[in-house]
Each structure stands twice: as structure tokens, then as C-alpha cells.
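The structure under discussion appears below in the form of C-alpha cells.
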Amino acid sequence: MLFSGRRRKLAVNAQTEIYGQPLQFYGQPPLENISLSEFETFAVDRLKLLKTVETLGVSYVKASEQYSFKLMNESKSLNFPYRPEAGSMDDRKPQPGPTEYDKRRKDHISHFILRLAYCQTEDLRRWFIQQEVDLFRHRFSELHPKQKLEFLHRNNLQYDTISVEEKKALQDKLISSSAGISGITVEDQDFYKVPFQDALDVVRMRKVYLKAGYVYIPHQDIVTIVLNDFRTRLSKALALTARSLPAVHSDERLQPLLNHLSHAYVGQDYSIQKNVGKISLEQIDSLSAKSFPLCMRQLHQALRENHHLRHGGRMQYGLFLKGIGLSLEQALQFWRSEFIRGKVDADKFDKAYAYSVRHMFGKEGKRTDYTPFSCMKVILSNPPSQGDHHGCPFRHSDPELLKQKLQFYKVSPSGIHQILELVKGMHYQLACQKYFELTHNVEDATFSLNHPNQYFTESQKLLGTGRDMKRETDGAQRSQENASTKGSSTAREAAAKPPQQIAEMTEELDSFFQDA
Amino acid sequence: MPCSDYDPASLPDLLPLYYRRLFPFSQYYRWLSYGGVQKNYFQNREFSFTLKDDIYVRYQSFSTQSELEKEMQKMNPYKIDIGAIYSHRPNQHNTVKSGTFQALEKELVFDIDMTDYDDVRSCCSAADICLRCWTLMTIAIRILDRALRDDFGFQHLLWVYSGRRGVHCWVCDEAARKLSSAARSAVAEYLSLVKGGEETVKKVVLTDPIHPFIKESLAVVEKYFPQYALKDQDILGRKESVDKVLALVKELQQAFQKDKIPESRWEHVLDQALDKQGTTKKGQHFEKEIMLQYCYPRLDVNVSKGVNHLLKSPFSVHPKTGRISVPIDLKELETFDPFAVPTISLICEELDRPKPGEEQSEDTNKNEDEKDAAEKRKVRDYKRTSLAKYIKHFDQFLDTMARSWKGELLKKSDLQKDF
Ligand code: SF4
Ligand SMILES: [Zn+2]
């Protein structure tokens, strides 16, 4: 794509306008060309920022003072915008370092680069959206009240407020619909009447009064509408970007870089089968006690006891087994031998269940090779209901039952206490990791857990190479470093190419978004 | 009781008769065209058929009512499912560029299945139901119907008996049909209170303040609870179920040992709850939590979530029980009896014994063109069976909806006049 002089000027003007605002919805892709080295640093820095968002979200209450403070510091040190009050254009006294304009530009461009890297699978999209939404929430809450209103105006998010009389009539309902609302706040604040489709998060969690299709949102919670809108836009945009992805994939220079970016922070992709056939079916019972995370151990046990698992459990457990190396033939044999001990006979199994096992291995239907579920997926999607054994025990079991189970597995009382505390704070993966440490006799696990298959691999590593191994470097950090050095080596390779090609590449980049 | 002995082996013989003379095609077509407000609405709808030997064919679609009729009479499906309205004709989905064939709209649907209540009913389990546990479905319909109307503002709700052990709800408002899947899952979650699987004992947890939606739902449950839970299910009398309740309120062990009468045991629960309300914050709503855990509707959220999810069609036959999936008239909900729902064998039999007096209806001799006459004959056919009252209710449902389409069409033509 070639810009004429005039077109370019227009583009730059549009850009200037966007960067005049402290916060944006990322509706317009960047239109300028950037160098490959900038491309690389921008992307890596934003990943660092999003990773911080994730870690802070686990360790602190979102929007608490400490959370905001830490997030602001990280933004500052990575040269992202962090002070909403700073005007971008009128940095009068020249300060050392990047200007506000530069920071907003970096924010804009880096967001769009990561869209490319993170639109590829459902797991990646989920992670990216979650972190971007949290980052957005933080930034929006830092705005001044006046700026918030301006933002709503500019993005056409305006709704009717209800009259004083209506407010009086509904007072009781409004108060009992939300924990943070008292009689006084009802009187003091405006309430907006918003179609429920525009405020799904608060509808879902029943945090708001709903009548005849409208939710009544107090001014203090207006952020929920903004976030709802942001989330919807972003997930639509990612779906569209994913469709233009074949073009990106065929680009030899972009593709490795994007892959490194996406793997750097969400961990390994367990859909690629390694170790196929290294595990025998006889080993599974003992492995389940030694090296399975609790979620899988629970499923295994339920399967052995009931000779059956419902769909949710079959998916979660079946894909996990595939991930640890069961071949299709082994999987078929495994499920069949267990099911036919229950109510299902061999014929029925072959008719009704074998298909779905083959499906998991991408041998039927759409032939997509299904990826084993990550912890996030297990914890967030498809919660177990009556008759189900899937899900994450740290998230979906009664604390009382979890406690009994841990006692049964001989975890020490102090260990149980620590785990339950983490569960109480909703840090399910950390609780699981604690369980790992306690049952493997290590003090500090050298990884940060985000996948049941990772749990298994790490466990096998420890059990295979002897216990009590101490590792010097922090594993999570190390893998990050690895990833970014790998990333920059691709960048170096690419940088070695003639400059003309690089210019071409970035021009192509914006054409991907144009298509979308 | 009329003879309704149904033998699954007779299904292949009965289905052709059912689809030729009884299935309400014209109402069915009228429903799914939604007044022709949107173009190709019926034509782009997916149907899927389950044929003999569990052969499952997806992505069927039809351009007209008569095509649908012919096809159904040819294939005689054991079961019919309705899917989404797609961007293209579903039967041509292989010919369009991949990625462009997309589910666009569908009714918002709910599926409530008695098997999901197995931990709280003692009369039956799994696929079995009886009139005692059927109360759970009545409660579910009352609660959801109110919430979908009052809270979400929907008006056109079609409740349907699934033919075996549950009920379905089809929310047919235009706004409902256009909901994204994120919105569908938000609605379903708003309506879900009972959470957790086999690893959870306490499945309902209430926190202060209690949301108006929960208060309204509790009001419904309270009406049924004494008769249903304390008497019919005897949850505080039979040992196993008492143990389950005690797992939720351990404090009452002693009191329950002294007092064996279910009603007074329940009073102990209430007293205990009252005491707690005076002192601690935690667990102060446990009597409400127990009522909800035992009676609150259990939705299959996954069915509601997806725009492209298929659901068994009204007027489809249940191959195991032979019962027709009939719409439920909420005015008669309290007396609705799933075992009185006609089976395919019953209505086919009724066809063969003409009811006296009805034979000579006034319009028989009037001049009509042939198609009309055929249509009339079919109408007279189903009117002679026990299917009649259900089809009548379906007609009323469609009439109410038609009034709202008229509004739509008027608006549109007014707009056109303005140009
Ligand atoms: S945290 Fe992850 S690995 Fe651990 S039990 Fe939960 S889902 Fe399984
Ligand atoms: Zn029963």
C-alpha cells in the first residue's frame, strides 16, 4: 500500500487527534510505518506491562491503592502513558525522555501489534482480552470525573438518567441490588437507564437492578458500561484479525516474531503432541497419584469409580491425557475398557463415544486438533453442574470438602491452612502450586502454574531428576528472558535484511488491519 | 384413561401418519417465518433430523412450507431439532466460502431437565419422573417466566414439554432472537442460582443484600415448599435426605434427634436462622439457601449460550415415550400432567374413531379450491384428537405475536411513505 503525500498528512492528523486524548478505544489502527526495532521493543514492552497486570491482579485487590500504584509505576518505567492529566500536545517545558505524545503513540501501536500475535487461539484471545480490559479499567478509573464524561461523550455512550420521582419509587430495589449503594448514594447520584445488552457484566453477576430489559446503573459504576463496550469491541476485532491471519502467517518475517510473542507469556502450547506412546495405560493409576494435578486426579478417580464421565469431564480429562502422550489408539482403549465396565456396552461405546475420542484427536468433524485446557479455561469456563466431576477443585469444590480431600492426601495441617487461605483470596492457581510444592517437597516451585499439563511435566521432571533439587534462578523469569532473547534474535535476523524490505513489512502490517 | 400404550417399535408405522395428517405444518411455518418481517428468515433456518438407527442429519433447510412438508413426509424423522438462522441457506453450507457461513440469530432458549435434580429428589432418579417431582418443573416455569418478562422485558415465551422429563422455553421476541452469545450467557447466568457439581455440598450461597430477583424467586419457592418438599419429598423425614439437610446445617443434629416430625423440624431450621440473623453475619440466610437448593430451577447454561445450539422442536415426538412435545398453557400450569400428554399412538388411534357430531361441521359443503379443502381436512383431522387443545394454545401464542409484527410492518411502511 502506498500513501500519497496528501493521504499521509491526513493520516498524521487523525493520529494527532487520537493522541490528544488520555484514553482511547483503539478503534483506528496506526497508519504510519515503524521500524522493525521499534516494532519489537513496543511489542515486548506491552507484553511486560500486560504480564504485570496479570500478576498484580492475582496478588492485590483490583483497583486498590497498592494495585493502582504498582501498575502506574510499571507503566512509567516502560514508557507507557500513566498520568491522565498530562496534556499530550503542550509539554511546554521540555523534559528528558519521551513526551506524552510518544507514550500514547507507543501505547497505540503496541496494542495493535499484540492483537496480531494474540488473535490466533481462543486461549490467547481470552488472556489478551482479560489483561487489556484490566489495564483499561485501571486507566479509566485514574481519569478525572470531567475526563470520564468527555470520554463517554466522545464515544457515544450516553444514556438517559431517571427522574427524581422514579428514583424515589425504586429506592429499595436500587439499594438491594448492589452492595455499595445506600440510601444516601441513591439520592446523591444520577442513575442511568441502560439496555441490559450494554451492561452484560453486571447483569451476569446480578450486581444491578434490572427491570423490563433495562439496568439502572449508578454514576459511580459507569465504568462497567465502558468496559463492556471495550470488551465487546476488542473481541470482535480479534475475531476479524484472526480471519486475516493466513496472510500474516505466510509472511516469513512476521510470523516467527509473532509466534514468539504469543508463546512468551501464556506458556507452551500443549496441543503439539510430544512423548507419544511413552506412557503405558498401566501407569496411569500410579501417575495420577504422583503427578496429576488435583483436577485430573479427581476426574480419574471418578472415572474409575463410576465407569463413566459426562461430556465436560471427558473433554477436560481426555485432552489432558492426549497432552501427556496417550496415542489415539491408547485413548480409545482406555475409555472403552472403563466405559464397558459400567452401563455402556462395547457396541454402544463404538457408536456413541468413540467418535468424540477421535474428535479430540482431530480425526473427525472439523478436524481441529483440540488443545488441552489451560487452568484459566478450566477455572473460568463451563463450571461443573449436577453429575459433573470436571472443573478445578480449588475453584469448584466446597472448601470443607477440599480440606477433607487434602487431609486424605496427607497434606500437613499448616499446608492445608495455607492452601485454603489462597483459595479464600481466589488465587486458585497459586493454591494449586502450593499443593504441588507441598507434595513434591520443594520450597519454591520454579515455574508459574497455568496449565494442568505443565503441572504434570514439572512433576515428572522433579521426580525423574531426584527430589530436593534447588534451582537458582526463578523459572518464570527465566522463561521470559528466554523468550525475549529469542524474539530479538529473530528481530536481528530480520533487521539484517535490506531496509527497504522492512518498510514494506510495516506497510503490510497496517493493511492487515485495514482488511479487518 | 384413554389407552395410550405406546410401543417404540410401532414408531416407523405411526410417523408417516403423523406427518401426513396431524403435524401442524401451517402453524409451524407461521411461527418460524415471524410474519415475514425479515427476509429469508424461514429459508435460512437450520433443521436437523434424527432418523431411524440414530442417523443424524444436520443442516436441512427449506424454502417453503410445502417443501418442508414434503421433506418431512419423505424422511419421517424420529426427532426434529431446530437450530439457528444462518447467513446462507444451511443446506448449501458447503458451497459458501468457509468462515462466511455463520449463525446469526435464534430464539433465546432454556432447557430444564429433571436429571439435574437427582440430588434433591427421592421419588425417582435419572430419566424417570412422577407427579411428585414434576412440581419442580412447575416451580421452574413460574420463576423463569416471571423473570424473563418482568426483569428482561420479553413477552413472547413459548413453554414446551420436552416429551419425557423436562421442559424447554423458547423466547421469541425479536430482541431475544438478536442476542449475541455473550448476552445469552449473561442472561442464563443471571437466572442461575444453584452452582456446583458432585464436589459441592452447599450449592446456593446468598450474600447481603438479597437481590430483588432472588426475593421474587424465593416468593415463588415459598409457596410450593411446604407441600412439595416437606410433604411430598419428605426431606426432613426420610433418613438419607435428613442427613443431606444436616450436612448443610450441622447445628441441628440434636434438635432433629429429639423431634421427628418434618414440619416441626423445619421450624427448628427457621428458628435457628432467626437466631443467627440476630448475631453473626455469615450464613444468616441458610433457610432460604436450603429452599433454593431444593427447589430453584437448574438450567443447562450451555444450551442457552450458543446461537447455533440445536434444541428439540415443539411437536416433535419423543421416540422413547412416544409423547408429543406440546406447548404448555401457563393458565393451566398447576394442573399440567406430563402423563396426560398424548402419545403418537393415542392420537393416531383417535383419528380412526370418528367422533360423532363433529363429522358434519357447517363449512363442509361450501365451495373451496382444492388446497384450501386439503388444509381444512387436516385441521379437522387434528381437531378430532387430543392434540387439538395444544395446537389451539399454539395458535393463540402466534396470534399474540402477530399483533406485534403488525406493529413492525406498519412502522416499516410508514417509513416508506415518508420517502
Ligand atoms: S489450578 Fe489448574 S492444574 Fe491445578 S487443579 Fe486447577 S485447573 Fe487443575
Ligand atoms: Zn418423581
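Using the three backbone atoms N, Cα and C, a Cβ is placed for every residue, glycine included.
Predicted automatically and left uncurated, TrEMBL annotations should be read as such.
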Residue from A:C119, A:C295 that TrEMBL also lists as binding [4Fe-4S] cluster with A:C375, A:C392, A:C432: A:C295
Cβ-based neighbourhood (8 Å from the centroid) of the [4Fe-4S] cluster site, residues A:C295, A:C375, A:C392, A:C432 excluded: A:P293, A:L294, A:V378, A:I379, A:P393, A:F394, A:R395, A:Y428, A:Q429, A:P452, A:Y455
Confidence summary (mean pLDDT) of the domain 'DNA primase large subunit C-terminal' (A:286-456): 89
Binding-site residues near ligand 2 among A:C295, A:C375, A:C392 (Cβ under 6 Å): none
Assigned element (helix, strand, coil) containing A:C392 ([4Fe-4S] cluster binding site), judged by DSSP: coil
DSSP three-state assignment for A:C295 ([4Fe-4S] cluster binding site): helix
